[in-house]
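To keep things clear, I will list the structure first and then write my remarks on it.
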Amino acid sequence: MMDERGEEEEEEEEEEEAWLQLRPIEPLPSQCCGSGCSPCVFDLYHRELARWEEARASKDRSLLSGEESQSCPSKLNPETFLAFRISAVDRLTKDTYHVRFALPRNSRLGLRPGQHLILRGKVDDLEIQRAYTPISPANAEGYFEVLIKCYQTGLMSRYVESWSAGDTAFWRGPFGDFFYKPNQYGELLMLASGTGLAPMVPVLQSITDNAEDETFVTLVGCFKTFEGIYLKTFLQEQARFWNVRTFFVLSQENSPEQLPWSYREKTRFGRLAQDLIEELVGSCRRKPFALVCGSAEFTKDMARYLLCAGLAEDSCFLF
């Protein structure tokens, strides 16, 4: 009897160990991109943990799968990372990359203009996640593109800088609460700093691609130098449309004579401050709806300047 009882206890211990090995692993802080996505990686963890506890209590491992069937395995999902092949990596500046990813069978990514994705990377066995907004048109077929700035001490930057054409990266999404509709606003005032230009690009292009959308757009891009301005050709092309104005603010230059003629009248030097915001709002044909994207400090400052310039809180969206 003692031997049988001992065998039973050993089997129970082995079964318990097997269940513990199936227990979801709590994410590290580095695995949260910090952009307020829903579901967050921690939301997914708690959901999987509840599923594991239910399966363990009923001793039914089939409950652990819990996956809904998908008619299209390549369709984006906010909860599941999907693999995308890198088809091109272009270095725009010393620290910024323009990356193109291939989509299967000339399919579309399925994002609305301004929505973003979460990229998963791994460096030194540490998983990290960051949010990036595709800059390709919402109707682009067979590809999507992102603009990524790398930082000297950034973990994700190390991962991105290791990319080359043919590699694979993992994304999930879409995320984002801004949903643009044609002619929804009489005029848009876009304030972007650095790669904060990214969410503005697909919104702007969706307007100029639609002959029935008569929204006026004033886009202000803030960069350190003229050489550091992203997507110059695209922005020049957009500025040719009757309803689009572009301006630039350069913080580390002060001589208009050093700029090409086409940029001199629409470039200011220093920082985007209250006086220029009031001038821009005053020059709009009607009260604009403002879109702001940049660093946390830039976004906070712009929100304050816009309120002082007479815009209501519900007339601004902060990416």
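Note that Cβ sites are derived from N, Cα and C of the backbone, with glycine treated the same way.
Just so you know, TrEMBL annotations never went through curation; they're auto-generated.
Predicted, not measured: the structure shown is a model, and the values here were computed from it.
Listed in TrEMBL:
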{"type": "BINDING", "residues": "R130, Y132, L147, K149, M156, S157", "note": "FAD binding site"}
{"type": "DOMAIN", "residues": "79-181", "note": "domain 'FAD-binding FR-type'"}
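The FAD site in the record is lined by R130, Y132, L147, K149, M156, S157, and its two most distant CA atoms lie 13 Å apart. Its Cβ taken as reference, R130 (FAD binding site) is surrounded by 22 other Cβ atoms within 10 Å in the chains shown. Counted over every protein chain shown, other Cβ atoms within 10 Å are most numerous around M156 among the binding-site residues K149, M156. For the domain 'FAD-binding FR-type' (79-181), the DSSP counts in helix, strand and coil order read 10 helix, 50 strand, 43 coil.
Apart from R130, Y132, L147, K149, M156, S157, the residues listed for FAD, the same chain places the Cβ atoms of L119, V146, I148, C150, G154, V160, T195 within 8 Å of the centroid of those Cβ atoms. Less than 8 angstroms from the CB of L147 (FAD binding site) sit L92, T96, Y97, H98, Y132, T133, I135, T195, L197, A198, Y230, L231, each of them six or more residues away in the same chain.
Around S157 (FAD binding site), the same-chain residues at least 6 positions away in sequence with a Cβ under 8 Å from its Cβ are C150, Y151.
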